[in-house]
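Visitor: Mind having a look at this structure? Questions to follow.
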Amino acid sequence: MTQSAGLRFRQALANSKPLQIVGTTNAYFALMAEQTGFQALYLSGAGVANASYGLPDLGMTSMNDVLIDAGRITSATQLPLLVDIDTGWGGAFNIARTIKEFEKIGVAAVHMEDQVSQKRCGHRPNKAVVSTEEMVDRIKAAVDARTDPNFVIMARTDAVAVEGLEAGIERAKAYIAAGADMIFAEALTELDQYRHFKAQVKAPILANMTEFGQTQLFNKEELAQAGADMVLYPLGTFRAANQAALKVMQALMNDGHQRNVLDTMQTRADLYKYLGYHAFEDKLDQLFSQDK
């Protein structure tokens, strides 16, 4: 019997200290991540907004927008995928539908946050959070909707930056009591904060190592020692690809050719390697042999 995606995520977590989860904004990035040795993948809501729609991460994308990108990734790889579902896209029935739709396409885990529906990036100022009671209701709706008990429902709290560390911890405890499996503690700034969080919250904890944000870029050993069970790198690959693409565009505009920026590009041979291109070619040769 095929293991569910949620079970594969839980097994990856059990086998890794900590589990490194890399952001993949498209299916090809997912293939590269798999062949590099990662055991879990991530689809960022900001990544969908920025890469697929050219929009800022301000709650402007819909469930279907994210579902499309997630489905492309789960179709390309068997690695378990964690997906950012923002605030769940509505009330209890909307959240229930969200869970069912993502479960249906083979997503392993989702994280849902306690920001207000007009959300902001977790590392930007002026965030606002809903009451603990409202977030508990969101979690209960999500837990009730899943059909696979191994499908992971992770609660993200943005409250530390708004209400302080202790308030964030108390919220996390309430979220676990409501049925959340794991906690995404957003925008912590010190290793001691992770230690304190882990000591108080009896559940797996995710640390978000996003670049150019509020959190120092600790290494995985430091985070593991501080109690983090998962380390997320949500948009590093996207940012790197953007910068490389910009250099190529500038070279084309300024120099009229790309010869001086070839070293920033992936070679055709490497592209074909990650795609498994030659296996597809061999299959074509078998199906449409010239010897027929």
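Using N, Cα and C of the backbone, Cβ positions are placed for all residues, glycine too.
So Swiss-Prot lists these for the protein:
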- Ser44, Gly45, Ala46, Cys121, Gly122, Arg156, Glu186, Asn208, Met209, Thr210, Arg239, Arg268: substrate binding site (BINDING)
- Asp84, Asp86: Mg(2+) binding site (BINDING)
Visitor: In angstrom units, rounded to an integer, how far apart are the Cα atoms of Met209 (substrate binding site) and Asp86 (Mg(2+) binding site)?
Guide: 18
Visitor: For the binding-site residues listed here (Ala46, Met209), which one has the lowest count of neighbouring CB atoms within 10 Å of its own CB?
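Guide: If we count Cβ atoms within 10 Å for the binding-site residues Ala46, Met209, the smallest count is at Met209.
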Visitor: Return the residues near Asp84 (Mg(2+) binding site), defined as same-chain residues 6+ apart in sequence whose C-beta is under 8 angstroms from its C-beta, sorted by sequence, else 'none'.
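Guide: Set apart from Asp84 (Mg(2+) binding site) by at least 6 residues yet with Cβ under 8 Å, we have Tyr42, Leu43, Ser44, Gly45, Ala46, Val48, Val66, Val110, His111, Pro234.
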Visitor: Could you give the Cα-Cα distance between Arg239 (substrate binding site) and Asp86 (Mg(2+) binding site), in whole Å?
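Guide: Cα-Cα distance, Arg239 (substrate binding site) to Asp86 (Mg(2+) binding site): 21 Å.
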Visitor: Starting from the Cβ of Arg239 (substrate binding site), draw a 10 Å sphere and report how many other Cβ atoms land inside it.
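Guide: Within a 10 Å radius of the Cβ of Arg239 (substrate binding site) lie 16 other Cβ atoms.
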Visitor: Roughly how many angstrom lie between the C-alpha atoms of Glu186 (substrate binding site) and Asp86 (Mg(2+) binding site)?
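Guide: So the Cα of Asp86 (Mg(2+) binding site) lies 13 Å away from that of Glu186 (substrate binding site).
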